[in-house]
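Before any comments, here is the structure.
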């Protein structure tokens, strides 16, 4: 049973068959919930927990952790097209370690300041090291980009360079040499992910569906497909269009680079779909933001398989690894 | 260093000297933050973490835990005078134990339904058992009851029967016999606290300052006094006015009943201050709600001690135990 099944099975709202309250625009199941503000805006709200030993290694640099804990939550807002406002921090620590707290706060507030998010509340308690951040944002009413809006014929796009964080983790765990030319960049991507907030906002009105890649490109693509309306969709990914070259140029063995790009978690790039008519506009937007945007495939009416890889030689293959599940740990690095 | 010092020292917002953003009405330091909605309402938002072994015992009935986890967060909304809307659940579990999850969800949704709160999002992850709930509510703009509004001359009031949860814990740990007449009621108070939401709303315009008693009456009273504006206040508590009789009638030894009432945490009653002119109206409100409201003392201009007990014989004593601190565990039961 995976994380999503857990939530859906046990926490299906028993009031779901009743009319939703007027303040609730979108509940469980997307990157964030949407609450109506009745003033032309909606509040986007999301929370994520990071547990030591699962989402970060024991001994992780606390400054990097502070940054990342907030960044991953802001990434969920980016995936809705929302602008961050405030956040709450629930911090559980084995002891009140002052140097640790100082460094953690430095990283946290660096990310907060960079992205305009304000700490508005929280809780501190003793226990096994873990933290939950609840992030709030705003999006013009009706303009949030949901997971559920994908259509047959849409192009499939991904921002930036997915795969770097997984390679960075492999370097940190000693599975790849730290002397590789890409090692520093990969570790930076792992430690200080950049939520794609500017991109998310600018894709309002352009993207039909969007989510952020936290569990691996294929795993999160599956979540997007599962949310699409009947008669459902299949994603065809053109391997030749994947941004593999920069990873290989950084020294990653090609097979490892491919696995990292398709299945490595923790990159927090945006995966989105859009009409083919929007291609030029999207490429222009990427250039404007200085962020490569790769058109990696398209969505077609559902076939026997939800995802198909079209290899450079034209063969069609099925992906094997479907992304990282934080609850089941279906996959382990290295 | 206690929980509150931790938050204030390390997580003092480095942007605090800048003008607050227009959406932020009240940040860190009260029971909940307040966000402007620009439509005549404010959103109250709060989060609390419960960690196994600290906030609840290993082996705690999961249904009771589900109820309580939400109830303690709704209590923070009650303490602002807010009405609950939605909540997010971040759940960390050592394994996907179906009977546990089923019972936990049952308790959680029972509390949600009783108080009109809707689950809007969350996260599930594997790790040492803990949960963080973020609760949202609404209050008419400008009408939230803050910790900071106490004035010299105010009466000091507490709702219901503080002390029951601490006695319930003593029974559960075997420090008091489970055959005492009050044992069942005390354990119910520990397991299924009732957030005082109706009272909180009705006290808008009547109470000058309010918080909920989670860490013990004296400990939380201290937080309220610390928030009052200069020249600061001292609380005089009249021991003869404390609702001790029901605890003693339930079989608690008088000294233990007094300690539980003054210093026991986990009751989630509301502690508030109001003008003496409002006494009749408050007593009437208590009768209307079927909830005893005790006027236990008053606030005077600051003296050498922030809190003084006036014993039944007129002697003035200083309280010894100042409440439970979840981070320092200054106090242990039994």
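Counting starts with 1 at the first residue shown.
From the backbone N, Cα and C atoms, a Cβ is placed for every residue, glycine too.
Here is what TrEMBL says about this protein:
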BINDING   B:31, B:46, B:76  Mg(2+) 4 binding site
BINDING   B:31, B:76, B:212  Mg(2+) 3 binding site
BINDING   B:48, B:123  Mg(2+) 1 binding site
BINDING   B:48, B:76  Mg(2+) 2 binding site
BINDING   B:55, B:266, B:324  substrate binding site
BINDING   B:122, B:123, B:147, B:214  ATP binding site
BINDING   B:215  Mg(2+) 5 binding site
DOMAIN    B:29-139  domain 'PurM-like N-terminal'
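Chain A comes close to B:46, taken from the binding-site residues B:31, B:46, B:147, B:212, B:214 by a C-beta to C-beta distance under 8 angstroms.
Taking the C-alpha atom of residue B:122 (ATP binding site) as reference, the shortest distance to any of the binding-site residues B:31, B:46, B:55, B:76, B:266 belongs to B:46. In sequence order, the binding-site residues near residue B:215 (Mg(2+) 5 binding site) (Cα within 10 Å of its Cα) are B:266, drawn from B:48, B:55, B:123, B:266. Candidate binding-site residues: B:31, B:76, B:123, B:215. Fewest other C-beta atoms within 10 angstroms, B:123.
Proximity note: of the listed binding-site residues (B:76, B:147, B:212, B:214), B:76 have a CA within 10 Å of the CA of residue B:48 (Mg(2+) 1 binding site), given in sequence order.
You'll find the Cα of residue B:266 (substrate binding site) roughly 5 Å from the Cα of residue B:214 (ATP binding site).
Compute the center of the Cβ atoms of B:31, B:76, B:212, which mark the site for Mg(2+) 3; besides them, the chain residues with Cβ within 8 Å of that center are B:32, B:46, B:75, B:77, B:78, B:79, B:80, B:211, B:214. Secondary structure at residue B:147 (ATP binding site), as computed by DSSP, is helix. Pairwise Cα distances among B:122, B:123, B:147, B:214, which the record gives as the binders of ATP, peak at 31 Å. Counting only same-chain residues at least 6 apart in sequence, those with a Cβ under 8 Å from the Cβ of residue B:46 (Mg(2+) 4 binding site) are B:31, B:32, B:33, B:73, B:76, B:77, B:134, B:135. Using DSSP to sort the residues of the domain 'PurM-like N-terminal' (B:29-139) gives these counts of helix, strand and coil: 35 helix, 47 strand, 29 coil. Between residue B:147 (ATP binding site) and residue B:212 (Mg(2+) 3 binding site), the C-alpha separation comes to 10 Å. For residue B:266 (substrate binding site), other Cβ atoms within 10 Å of its Cβ number 24. Averaged over the domain 'PurM-like N-terminal' (B:29-139), the predicted model reaches a pLDDT of 92. Taking the Cβ of residue B:212 (Mg(2+) 3 binding site) as reference, residues of its chain lying under 8 Å away and at least six apart in sequence are, in sequence order, B:31, B:75, B:76, B:78, B:79, B:195, B:196, B:220, B:268, B:269, B:270, B:271. Annotated pair residue B:214 (ATP binding site) and residue B:55 (substrate binding site), C-alpha to C-alpha distance, rounded: 11 Å. Around residue B:55 (substrate binding site), taking its Cβ as the centre, 23 other Cβ atoms fall within 10 Å, counting all chains.
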